[in-house]
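As annotated by TrEMBL, transmembrane segment applies to 30-51, 63-83, 90-110, 122-140, 160-180, 186-204.
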């Protein structure tokens, strides 16, 4: 049962009166979304690319200091859970925490199971960005996210009607600007392609005026 905060802070199409997802459906959604996102991150990492958001900050830490992406991604998301709880509810926060934790674990496991020995950076950017975007869409439809800027973007969409994809794109640009200090112009250009692909996937497919899902 959703708590009071969940009832006060519906997010876009989650405010409808349609039937909610069952617990089993939500578990499947969180697992599937996390798997898609982790695979996308693995592709980007194989091509030494970056991305926006807290994932991008995780990549920056991975490339500049001796820390794994999964650890950095998990820790960077911790401050955002309070906003998630206060503004978006306990259920959303729990699902998001689970998605972030699972994605963090999978990004450490997948490189040992899947190898991208030959992958063009632009190919990694397009497919990696698309996979992460699709993973986030699945999570959004099950009232969860990958934390960080995604939580902020969803809150701003709910509060002001700003499209989550465009909000996150702006925040991603800030992170990508910081990447100029650790990456070459070509890598940054491909990383921008990945960020645009990801956020256009969200902006086009995550619209409250077209989709009604709970």
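Backbone N, Cα and C define each Cβ position, glycine as well.
Note: TrEMBL annotation is automatic and uncurated.
Of the candidate ranges 63-83, 122-140, 160-180, 186-204, 63-83 has the most C-beta pairs within less than 8 angstroms of the transmembrane segment (90-110).
Looking at 63-83, 160-180, 186-204, the range that has the most CB pairs within less than 8 A of the transmembrane segment (122-140) turns out to be 186-204.
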